[in-house]
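J.: Structure below; questions to follow.
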Amino acid sequence: MSKIKESSSGILGASNNTNKESSQKSARSIALPMTYALIGVSCLNVWNSALGLNIKITYNIFQMAGLLTSSVLALFVNYPRVLLPTSLGVLTLLCAGFQIAHQTFSDSAFDTYCLAAFITIGLMAGIAQTIAFAIGTTKESNMSGYISAGIGMSGVLIFCINLILDYIVSDEKIYEINKSKLLCLFSISEIFLIITIVCCVLYIDLFPKNDNNKDSTDIEKAEEKEGRLPLIEIIKDGYKAILSIFLVNWLSLQLFPGIGHKKWQEKHGMTDNNVTIIVGMFQVFDFISRYPPNFTHIKIFKYFTFSLNTLLIGNFLRLLFIPWFVLNAVISSSFFTNIVQQCVCIAALAFTNGWFNTVPFIVFVKELKKVKHQKDIETISRIMVVSLFFGLFFGMLTTCLYDYFPIGILNN
């Protein structure tokens, strides 16, 4: 009898262990995508908070320089994974710095802090995103789409909070920046950053060389005997994804907000309320469009991912947004000045922006023909991040080209 009891207890024990393992795997399968989404949210929250508060808006170019610098360096320096939570920690300190400097520094000292902070934000956010995309794309279940989704989520989150704060906080300003809104927005950013740091420590293997078995979902490394490819061969194999990510970001930042809404407002005298609606439309539709490509296992969303060839065709078709945006600026007929039509225009640009930003990171690994080594895949991911930031940078630069064209007003 005792043997039977021991045997049955052994079976029950094994069953309990199996249940525990399955529940742990289930929890991890939820926590890991959430962690990568939080990385996307947290990296953008600080920048979006500064934009929402209109803090030294001209300093955005310095943040972009920081993003480009950190992403280009990643091509030559292999950032250790531990820099992921470290860079997020620095962003947390910068948020606290904004709160302290705004209330205690002189105008010139605050201006100096903002300049240094924007450069550092660019560097730290660039490092965090580069590392996260490099790790995420080499997962068996590609996690890079969740980072992209988090990036879109940040814009909507900060925009909505900003609108709510307009109705519930005082109008007191220091250096033309609302004191209460600055405290609230950066406090929210700090909370997200702290949660993200904890999740990174818990769910991402930050020291893979010290534990070969810890992260079983990583794609197996190629045999060491199988040498890595030269950089030119890596670029040849991944150029479609690299070009796609550049084109989508270049066009989006060239047209928004430089042409629509700024040129529209300048030419037609749009109300501030309509401008807020248009900005909100971009944030919302950019956010919405980043999710369907991550859920293609659901039948209704299966057409939201496609080949990189199709994506390139889609990016060239997006060039049709240029005449549409320009016509909205130059023609004063009731159709082109109608807020509904303008919202449709912005929503279409935003939807394709979020959608076409997410697809390349999800599908490029499957379309690689020569590249098989994990480190080579990470290299392509880093180059794609560089291409993304270069697209944003050149989009900002080429917006000013429209100032050299005689965009007048054509009446009915």
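Residue numbers in this text run from 1 along the chain shown.
Quick reminder: no glycine exception, Cβ is built from N, Cα and C everywhere.
For 7-21, the entry in Swiss-Prot reads compositional bias 'Polar residues'. The region 'Disordered' annotation in Swiss-Prot covers 1-21. The feature topological domain 'Cytoplasmic' is assigned by Swiss-Prot to 1-29, 78-81, 136-144, 203-240, 295-310, 365-382, with a curator's inference given as support. Annotated topological domain 'Extracellular' per Swiss-Prot: 51-56, 103-114, 166-181, 262-271, 332-343, 404-412, in sequence order. Annotated transmembrane segment per Swiss-Prot: 30-50, 57-77, 82-102, 115-135, 145-165, 182-202, 241-261, 272-294, 311-331, 344-364, 383-403, in sequence order.
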J.: Treating G and I as helix alongside H, and B as strand alongside E, what does DSSP give for the topological domain 'Extracellular' (262-271) in helix, strand and coil?
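T.: Helix, strand and coil residues of the topological domain 'Extracellular' (262-271) number 7 helix, 0 strand, 3 coil.
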J.: Is the number of Cβ-Cβ pairs under 8 Å between the transmembrane segment (272-294) and the transmembrane segment (145-165) three or more, considering only pairs separated by 6 or more positions?
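T.: Counting Cβ pairs under 8 Å (6 or more apart in sequence), the transmembrane segment (272-294) reaches the transmembrane segment (145-165), since there are 3 or more.
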J.: By DSSP assignment, list the helix, strand and coil residue numbers for the topological domain 'Cytoplasmic' (295-310), in that order.
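T.: For that range the per-state counts are 10 helix, 0 strand, 6 coil.
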J.: Let me know the model's mean pLDDT on the topological domain 'Extracellular' (332-343).
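T.: Mean pLDDT, the topological domain 'Extracellular' (332-343): 91.
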J.: Which numbers of helix, strand and coil residues does DSSP report for the topological domain 'Extracellular' (166-181)?
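T.: For the topological domain 'Extracellular' (166-181), the helix, strand and coil counts are 6 helix, 4 strand, 6 coil.
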J.: In the same chain, which residue numbers or ranges, 6 or more beyond the ends of the transmembrane segment (57-77), come under 8 angstroms Cβ to Cβ?
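T.: Contacts of the transmembrane segment (57-77) (Cβ under 8 Å, skipping residues fewer than 6 from its ends): 47, 51, 114-115, 118-127, 129-130, 134, 379, 382-383, 385-386, 388-390, 392-393, 396.
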J.: State the residues, same chain only, that lie 6 or more residues beyond the ends of the topological domain 'Cytoplasmic' (136-144) and have a CB under 8 A from a CB inside it; answer 'none' if no residue qualifies.
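T.: Hits for the topological domain 'Cytoplasmic' (136-144): 32-33, 36, 217-219, 361-362, 364-365, 374, 377-378, 380-381.
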J.: Test the contact criterion for the transmembrane segment (182-202) and the transmembrane segment (344-364): 3 or more CB pairs under 8 Å, pairs 6 or more apart in sequence, then answer yes or no.
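T.: Answer no, regions not in contact.
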J.: Would you say the transmembrane segment (30-50) and the transmembrane segment (145-165) are touching, if the rule is that at least three C-beta pairs must lie under 8 angstroms and be 6 or more residues apart?
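T.: Between the transmembrane segment (145-165) and the transmembrane segment (30-50), contact is present.
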J.: State the non-local partners of the topological domain 'Cytoplasmic' (365-382) in its own chain: residues 6+ outside its ends, Cβ under 8 Å from one of its Cβ atoms.
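T.: Sequence-remote neighbours of the topological domain 'Cytoplasmic' (365-382) are 71, 74-75, 130, 133-138, 142, 144, 218-222, 226, 228-229, 231, 233-238, 240-242, 307-308.
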J.: DSSP-wise, what's the residue breakdown of the topological domain 'Cytoplasmic' (136-144) into helix, strand and coil?
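T.: Looking at the topological domain 'Cytoplasmic' (136-144) with DSSP, the answer is 3 helix, 1 strand, 5 coil.
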J.: Should anything in the same chain at least six residues away from the topological domain 'Extracellular' (166-181) have a Cβ under 8 Å from its Cβ atoms, list it; otherwise answer none.
T.: 52-55, 102-103, 107, 110
J.: Which numbers of helix, strand and coil residues does DSSP report for the topological domain 'Cytoplasmic' (365-382)?
T.: 12 helix, 0 strand, 6 coil
J.: For the topological domain 'Cytoplasmic' (78-81), could you work out the same-chain residues 6 or more beyond its ends whose Cβ comes under 8 Å from its Cβ atoms?
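T.: Answer is 127, 130-131, 135, 204-208.
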